[in-house]
Amino acid sequence: METKWYTQDGTVDLRGRPVLAAKTGKWKACAFLVGYEAFERMAFYGIASNLVNYLTTQLHEDTVSSVRNVNNWSGSVWMTPILGAYIADTYMGRFWTFTVSSLIYVMGMTLLTMAVSLKNFKPTCKNGVCNKASDSQIAFFYLSLYIIAIGAGGTKPNISTFGADQFDDFNPHEKKLKVSFFNWWMFSSFVGALIATLGLVYIQENLGWGLGYGIPTVGLVLSLFIFYMGTPIYRHKVNKTKSPARNLIRVPLAAIKNRKLQLPNNPSELHELDLQHYISSGRRKVLHTQNFRFLDKAAIKEGSTDASKPPFTVTQVEGTKLVFKMLIIWVVTLIPSTIWAQINTLFVKQGTTLDRSLGSNFRIPAASLGSFVTLSMLLSVPMYDRYFVPFMRHRTGNPRGITLLQRMGIGFIIQILAIAIAYAVEVRRMHTIKVNHIAGPKEVVPMTIFWLLPQYVLLGVADVFNAIGLLEFFYDQSPEDMQSLGTTFFTSGIGVGNFLNSFLVTLIDKITGRNGRTSWIANNLNDCHLDYYYGFILVISTLNLGAFLWASSKYIYKKEFTQVEEGCIQVEAKTIPL
């Protein structure tokens, strides 16, 4: 068999057979995947963008409760991928985990469409007066939402990683193509989000919530048919290690067991398999780094007294180090995620108080302003990929133009600028309220809603840097056998950011609303101090940027041996700090 015609990274087809490089994978395979991503994002943002309005206008929840519930659900959607990624990496593989989870997702969307469409599942109204939702109606609605969260747990971390698997890192040409993958993957995601915030939000508020949720449900089913049409040309990564996540516990335990042993001065004296072993098995040998030196004790040869249980290899130890290093970066991305959480919550409620008239007969849905986040992303991604990267690549010599941490840092800075503008606009809104003696919760503030545009646009530009950078960073820096789990650092960061925002909103509401005082975040946004809350976020975000710069300066990128062609070995050593 002519092995040179097959992929070099050991990928196989659905039946476990080696695949031909020329006939499988690459962008022709990804074309079947991006359609699903666009429809799934349309479904998610079709719910998330306007959920706060549904909860307040249809289920009659108060502002703080609705913001908290939106954040908790969004947080769950972004946290459940941890479980989905673990199942994929350890048991079922990405393809089958995605398959089962996508069916759960469709079931949740179907139930949610029923919850907002059928009379028995939603509050009744008579003569303009609506009853409160019953306990069973609320339970059915939230059950539907959280079934969607469970489905997203298996689809979100695996579909993007499965797409990246279509490119062979051992093939120089395919590796170059992969540099642009995450940019264009997120581009398809932005297209789905744009359709949701422009079209679905309008349909929900003007033609009916059932139609607004039913359209993405049908689209999701259609996208799954398209996805499975590409099955013959998909590449599948083979799990080479049984339960790879166990090393995250076993390596530290082994290091603790060997804590009294002396580390050798030369890292080459630590236990490691020869390079040929990794080449023949299609795996990557990870080079030793100086971070977390204590963990190196798990690879001390003298520490193993049982011949049947050799010490851990340097590659295994470095895999654990990678996760610990990424965890530090993950922590300093949580505060920026709270800024993103404002788009579907307080920014929307803020917009409902402003003048939304466009002409004499049309009112802009407040949630539709989120489309400008997506529009700025859609415009920025091609500019970033086609102009910024080649320009910076020429200046820095880095294939990505700038390092992944530099990309994230630029995004965080733009985010801080966006929240500073949001604070300034809110100060002006409060001044307008005072000048015009506005007090009622439904009184329209004589300011056009387009005052909010700059903060939306800047957050879209910021996401091109930090959201895509985060996804690529956690995929690229993850241990080889834990790349699905690694991408959940990205999703879980957004999830924890939503939970954190929920916690902050609840805490600040309780603290500032004590003793009969007006809370910063009250039901009546015309009689509170939302500007104080934005100012608070601005301060903690600025402090967090300092922490991110410090963590980035200490980070050492993953260094690997890879075989790029027969008889030639290349070392990938990405050691440029932020």
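Along the chain as shown, the residues are counted starting at 1.
For all residues, glycine too, the Cβ spot is worked out from N, Cα and C.
Record features (TrEMBL):
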TRANSMEM  95-118  transmembrane segment
TRANSMEM  138-155  transmembrane segment
TRANSMEM  181-203  transmembrane segment
TRANSMEM  209-230  transmembrane segment
TRANSMEM  322-343  transmembrane segment
TRANSMEM  363-384  transmembrane segment
TRANSMEM  404-425  transmembrane segment
TRANSMEM  456-475  transmembrane segment
TRANSMEM  487-508  transmembrane segment
TRANSMEM  532-551  transmembrane segment
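By the Cβ criterion (under 8 Å, sequence separation of 6 or more), the transmembrane segment (209-230) is not in contact with the transmembrane segment (322-343), since fewer than 3 such pairs are found. Sequence-remote contacts of a segment are chain residues at least 6 beyond its ends whose Cβ falls under 8 Å from one of its Cβ atoms, and for the transmembrane segment (181-203) they are 30, 34-35, 37-46, 49-50, 160, 163-164, 167, 211-212, 215-216, 365, 367-371, 373-375, 377-378, 381-382, 384-385, 464, 467-468, 471-472, 475.
Residues 40, 44, 47, 59, 69, 73, 76-77, 79-84, 87-88, 97-98, 100-109, 111-112, 114-116, 121 of the same chain lie 6 or more positions beyond the ends of the transmembrane segment (138-155) yet place their CB under 8 Å from a CB of it. Where the transmembrane segment (322-343) meets the stretches 363-384, 404-425, 487-508, the count of C-beta pairs under 8 angstroms peaks at 487-508. Within its own chain, the transmembrane segment (95-118) has Cβ neighbours under 8 Å at 14, 36, 40, 43, 47, 54, 58, 84, 87-88, 137, 140-141, 143-155, 158-159, 162, 208-210, 212-214, 216-217, 220-221, 224, 234, 236, counting only residues six or more beyond its boundaries. Listed stretches 404-425, 456-475, 532-551 were compared with the transmembrane segment (363-384); the greatest number of C-beta pairs under 8 angstroms is found for 456-475. Using a Cβ-Cβ cut-off under 8 Å and counting only residues 6 or more beyond its ends in the same chain, the transmembrane segment (532-551) has close neighbours at 328-329, 331-336, 338-339, 342, 346, 408-409, 412-413, 415-416, 419-420, 422-423, 426, 504-505, 508, 512, 520-521, 578. Cβ atoms under 8 Å from those of the transmembrane segment (456-475) belong to residues 160-161, 164, 182-183, 186, 326, 329-330, 333, 336, 339-340, 343, 347, 369-370, 372-377, 380-381, 384, 404-405, 407-408, 410-412, 414-415, 417-418, 421, 483, 486-490, 493 of the same chain, restricted to positions at least 6 beyond its ends.
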